[in-house]
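Chemist: This is the structure I have questions about; it appears just below.
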Amino acid sequence: MKPLLLLPLLGCLATIASCIDTVKWCVTSTKENLKCTALAAAAPVFSCVARASITDCLTAIKAGEADAITLDGGEIYTAGLDEYKLHPIIAEQYGTSTDTCYYAVAVAKKNTGFGLHQLMGKKSCHTGVGKSAGWNIPIGTLLSMDFIKWKGSDDKKLEEVVGEFFHSSCAPGATDSANLCKLCIGDCSKSSETEPYYNYHGAFQCLKDGKGDVAFVKHLTVPEEEKNDYELLCKDNTRKPIDQFENCDLAKVPSHAVVTRKDNEELAQFIWQSLSSVKNFNLFSSTPYGGKNLMFKDSTTTLVQLPLNVDHTMYLGPHYLESVKALKIVNIPSTTSDAMKWCAVGRSESDKCDSWSVASLVQDGTTIDCIKGNTVDDCLKKIMHKEADAMAVDGGQVYTAGKCGLVPAMVEQYDQGQCSAPGAARLYYAVAVIKKGSGVTWENLRNKRSCHTGIGRNAGWNIPMGLIYEQTKNCNFSAFFSSSCAPGADPSSQLCAQCAGNAESINKCKASNEERYYAYAGAFRCLAEGKGDVAFVKHSIVKENTDGQGPEWAKAFLSNDYELICPSKGPVSVENFMSCNLAKVNAHAVVTRPEIRTKVVTFLNNQQSHFGNSASEESFKMFTSPDGENLLFKYSTKCLQEIPAHLDYKGFLGQEYMTVMSSLRTCKESTSDLEQLCTYNMCQT
């Protein structure tokens, strides 16, 4: 999370194009407007904008007529669509833990004699159409369990199907089924307080008043003094007490969050600062205004700022998105695509992937769709969200992928002789390379210039910086070296000062092949071309890029001109990497989603039988790239081997490596925004 930056709220910086001095909060009811007006009186930085519904507020925020509103997960999904282009910036936190999730539950009165499997023909109370606990999760659950049968909107609108499933309902916001409004007592046409049975307290009141048989709410909705009169309906068709929600829920879902316009970091920061600076006003109490959950949920204990560049898909996570998308079927395809969606980073990888796709289609008709990502983290997000299926990454990126719910499926093997041995070790050594005679040692590295493969990568960052952190206990790595090239760092920092960009000197410090000094060969080139005093790479990289080997830029370099250094040893010959290295680490691995792991393994085994090093087909080689670059896979890869299905990322990386990473992750600068989000929002995994 971003720490609170205590900047003054008064006045405007000269660099700001348009002065932001007010947070215009959108409200959807008279009671909410009362609370907002009271907030504005206590903190004049706020003003209130009244609209008739949530969707009207989204339109107002997009147009700049309002700035912010707190939404539930289903509404966050809608807000993030192209129609509105809003994103979550602040999450509600409930209770004393750091958990920003809640449980969607089905509540019924005691002794009413039915379970979740017998809901057909019952009367239902919903918080609102499109809301998480009241609609998306319960309806998605009943669809997935095949109790509600729906072929998609080409057949019939979902609201019509749900209206036919239940005897009658109150589902505020329903427009396509009169039956879904039959139990309501106000204006059911809008998701707003104009309907008394709207939202959590309203849906529960609908049940309490005897209008409905079941209410779909969150786990904290039933008041403490009334819990003994109600029970939860579990997915296994049993019932449990209200307090046993962790063992009897429909789903764990992301908390409500404040949304605003995308691509306006300054506005997002101003909203956060404004909320953080509120004094003598309880943001999380609605009782004085005669309502419940006004502006924020009453059960909120604090607010948490989300990492920068988080969009609605990252915040909601793949499991919740799957539930929402299941409710929005427009066309039912007759068959599911068997294409493998491979994610490629940058133009060079995309070109190789396109060649692979053509070769595969010609060979046996297997379709490969090449999905382009800007960075590895961008590709990991695409895999999480089912926009891509797989990619090969280094160990540090396996760690991030694992934190985000992905699994390692296959690993690169660099020894041809071990390709027939399934349990063989797939390892390489992380080393520190210097120019011979430079006088650089491990002990005098401070204030030298450094070349790294990329932020978050194994040999180029995690291992060396982990060792440096163990020595210094200081996370300010940009101050340890005088200047560096560490692709993926802040382009304006000293960690990017030695980077060069591409041939046109653009994309400087980008974590892709568009940065000349990116990855193993790039970090060595940074050293060889005099941009750095030390390069952190893998043990084979010097031999692969000297003595006439490697791309054109490397032809004139000689391996004898370079040496290795390591703690308490060196300089030594580059041949002596086994006795002078920083660590022995796992090879690169292919990561994917758990549910398609077997599909990915089968696909890759088939592909390497056609295009691997030992295959006779010459039109395309999976592990070969122009000029010895590591495109899609490392150039030194001889084959891919399956990782046992029981091994998750922790088991694959090993305890020693996990310990190093835990230590390094003390430094937030070494943790990407993606990893911060994945470890922060545990609803995703």
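One-based numbering along the chain as shown.
Glycine is no exception: its Cβ is also placed from the backbone N, Cα and C atoms.
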Chemist: Can you look up which of CYS475, CYS496, CYS499 is joined to CYS485 by a disulfide in Swiss-Prot?
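Modeler: Of the candidates CYS475, CYS496, CYS499, the one Swiss-Prot pairs with CYS485 is CYS499.
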Chemist: According to Swiss-Prot, ASP72, TYR102, TYR200 bind Fe(3+) 1; which one of HIS167, HIS256, HIS312, HIS385 is listed for that same site?
Modeler: HIS256
Chemist: Swiss-Prot pairs CYS526 with one of CYS419, CYS451, CYS580, CYS639 in a disulfide bond, so which one is it?
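Modeler: So the cysteine that Swiss-Prot bonds to CYS526 would be CYS451.
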Chemist: Going by a 10 angstroms cut-off between Cβ atoms, which of the disulfide-bonded residues CYS451, CYS667 has the sparsest surroundings?
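Modeler: Taking CYS451, CYS667 as the disulfide-bonded residues, the minimal 10 Å Cβ count falls on CYS667.
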Chemist: Would you list the other residues of this chain near Fe(3+) 2 - those whose C-beta lies within 8 angstroms of the C-beta centroid of ASP394, TYR428, TYR520, HIS588 - in sequence order?
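Modeler: Filtered neighbour residues, in order: GLY395, GLU412, THR453, ARG457, ASN458, ALA459, LYS538, VAL585, ALA587, ASN630, LYS634.
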Chemist: Of all the recorded positions given, namely LYS131, ALA133, CYS206, CYS379, CYS639, which is spatially nearest to THR453 (hydrogencarbonate 2 binding site) at the Cα level?
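Modeler: Minimum Cα distance from THR453 (hydrogencarbonate 2 binding site) across LYS131, ALA133, CYS206, CYS379, CYS639 lands on CYS379.
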Chemist: Take every residue in the domain 'Transferrin-like 1' (23-329), average their pLDDT values, and give the whole-number result.
Modeler: 92
Chemist: With every protein chain in view, what's the tally of Cβ atoms within 10 Å of the Cβ of CYS206 (disulfide bond), excluding that atom itself?
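Modeler: Counting Cβ neighbours of CYS206 (disulfide bond) within 10 Å gives 28.
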Chemist: Test of understanding: give the count of other CB atoms lying within 10 angstroms of the CB of GLY134 (hydrogencarbonate 1 binding site).
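Modeler: The Cβ of GLY134 (hydrogencarbonate 1 binding site) has 32 Cβ neighbours within 10 Å.
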Chemist: Measuring Cα to Cα, how far is ASP394 (Fe(3+) 2 binding site) from CYS234 (disulfide bond) in Å?
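Modeler: Given the Cα positions, ASP394 (Fe(3+) 2 binding site) is 42 Å from CYS234 (disulfide bond).
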Chemist: So of THR127, THR453, ASN476, which of the recorded positions has the fewest other Cβ atoms within 10 Å around its own Cβ?
Modeler: ASN476
